[in-house]
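Working notes, beginning with the structure itself.
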Amino acid sequence: MTQFNPVDHPHRRYNPLTGQWILVSPHRAKRPWQGAQETPAKQVLPAHDPDCFLCAGNVRVTGDKNPDYTGTYVFTNDFAALMSDTPDAPESHDPLMRCQSARGTSRVICFSPDHSKTLPELSVAALTEIVKTWQEQTAELGKTYPWVQVFENKGAAMGCSNPHPHGQIWANSFLPNEAEREDRLQKEYFAEQKSPMLVDYVQRELADGSRTVVETEHWLAVVPYWAAWPFETLLLPKAHVLRITDLTDAQRSDLALALKKLTSRYDNLFQCSFPYSMGWHGAPFNGEENQHWQLHAHFYPPLLRSATVRKFMVGYEMLAETQRDLTAEQAAERLRAVSDIHFRESGV
């Protein structure tokens with residue numbers, strides 16, 4: 001009888017953060033593709049675009065003028081998804097038609113005044129300032145809201161509506177679905193194992209190495225064993241850290257370096273500005289000790305085979321179970337094979 005080989009045979013991998021299984025089909029990786037293709041952005045963007053709503057000194061669609069900022073710039077989203085003064089929804093006991101009020105705020109963070117430079121093209125010093133801004137915003141909003149979601153949608157393929165490099169910060173009066181699930185499952189693991197799930201996971205990955213993409217003094221980026229997206233990564237501190245606000249100065253500056261190395265490898269993989277959605281998850285601000293939590297960032301990039309061919313989460317993925325072709329180990333190997341110095345900086 002043929003012996004099972006995870007490189008050749010379909011199998012399922014369990015994601016302990018979500019409680020869901022992922023179908024891995026490595027034998028499909030060589031199938032021909034005649035479907036839709038993305039059009040990668042080839043144009044060279046200017047350092048300042050007079051028509052951009054996010055550039056320094058420009059007027060936004062609301063008529064508000066941006067200051068002549070020189071570092072990061074944060075403002076309340078002109079089209080915020082959440083409002084702080086939402087009235088209470090009427091109480092409902094209908095099990096099929098439940099509703100509750102959602103309060104919060106939505107902010108935009110411009111990473112720098114340079115319209116042309118995404119995260120991997122910024123200096124480590126500039127990236128350190130971005131991390132510091134994430135910390136400050138999280139600390140401020142965490143005084144009012146239990147959940148603060150820092151995230152970035154990079155590229156038109158991920159629905160980004162403005163090419164000026166920026167991220168967003170949403171704060172919620174509730175624990176969103178993904179956060180609630182991670183909170184519950186990490187708490188269950190902690191009760192059973194007497195240690196934080198992702199602290200244990202970092203040690204396993206450090207010992208294994210096959211899924212490692214970037215390692216610095218304080219940080220580790222891996223294609224997680226249970227990755228759903230082709231080149232998905234999980235960025236974690238090596239030490240136990242509950243929230244981004246708890247980082248030491250050394251961890252913060254080293255995180256900037258890790259972010260530059262990781263995002264540079266992404267861009268270098270297909271020699272393009274690699275699209276992704278990324279965001280931070282940390283312990284909620286709920287007044288509890290939350291020792292089961294470990295700070296981490298998820299990177300979800302859609303590209304699969306090239307700068308023009310992406311992964312679609314449709315059909316079986318929507319109706320049954322998430323499926324991927326490349327194994328996590330194969331994806332990590334491909335990311336390790338490219339330089340962590342951005343191709344535009346290296347002159348390639």
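Cβ coordinates are placed from backbone N, Cα and C, and glycine is handled just like the others.
Within the same chain, residues at least 6 positions away in sequence whose Cβ sits under 8 Å from that of ARG28 (UDP-alpha-D-glucose binding site) are ASP325. Marked as UDP-alpha-D-glucose binding site by Swiss-Prot on the basis of experimental evidence: 28-31, VAL61, 77-78, ASN153, 159-161, GLN168, 311-312, 316-317, GLN323.
The annotation Zn(2+) binding site is assigned in Swiss-Prot to CYS52, CYS55, HIS115, HIS164. Within the same chain, residues at least six positions away from HIS115 (Zn(2+) binding site) with a Cβ under 8 Å of its Cβ are LEU45, PRO46, ALA47, HIS48, ASP49, CYS52, LEU54, CYS55, PRO163, HIS164, PRO165. Secondary structure at HIS115 (Zn(2+) binding site), as computed by DSSP, is coil.
The active site, tele-UMP-histidine intermediate annotation in Swiss-Prot covers HIS166. Mapped onto three states, the DSSP output places HIS166 (active site, tele-UMP-histidine intermediate) in strand.
Listed in sequence order, the residues of the same chain lying 6 or more apart from HIS298 (Fe cation binding site) and placing their CB within less than 8 Å of its CB are GLU232, THR233, LEU234, LEU235, MET278, GLY279, HIS281. According to DSSP, HIS298 (Fe cation binding site) sits within a strand segment. Per Swiss-Prot, the feature Fe cation binding site maps to GLU182, HIS281, HIS296, HIS298.
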Taking each of the binding-site residues HIS281, HIS296 in turn and counting other Cβ atoms within 10 Å of its Cβ, which one has the fewest?
HIS296
Compute the mean position of the Cβ atoms of CYS52, CYS55, HIS115, HIS164, which form the recorded Zn(2+) site, and then list in sequence order the other residues of that chain whose Cβ is within 8 Å of it.
HIS48, ASP49, PHE53, LEU54, ASN58, ASN162, PRO163
Can you list, in sequence order, the residues of the same chain other than GLU182, HIS281, HIS296, HIS298 whose CB lies within 8 Å of the CB centroid of the Fe cation site?
LEU17, GLU178, LEU234, GLY279, TRP280, GLY282, ALA297
Of CYS52, CYS55, CYS160, which of the binding-site residues has the most Cβ neighbours inside 10 Å?
CYS55
Counting Cβ atoms within 10 Å of each candidate's own Cβ, which of the recorded positions HIS164, HIS166, LYS311 comes out highest?
HIS164
Note: in the chain of ASP78 (UDP-alpha-D-glucose binding site), residues six or more apart in sequence with C-beta under 8 angstroms of its C-beta are ARG60, VAL61, THR62, ASP64
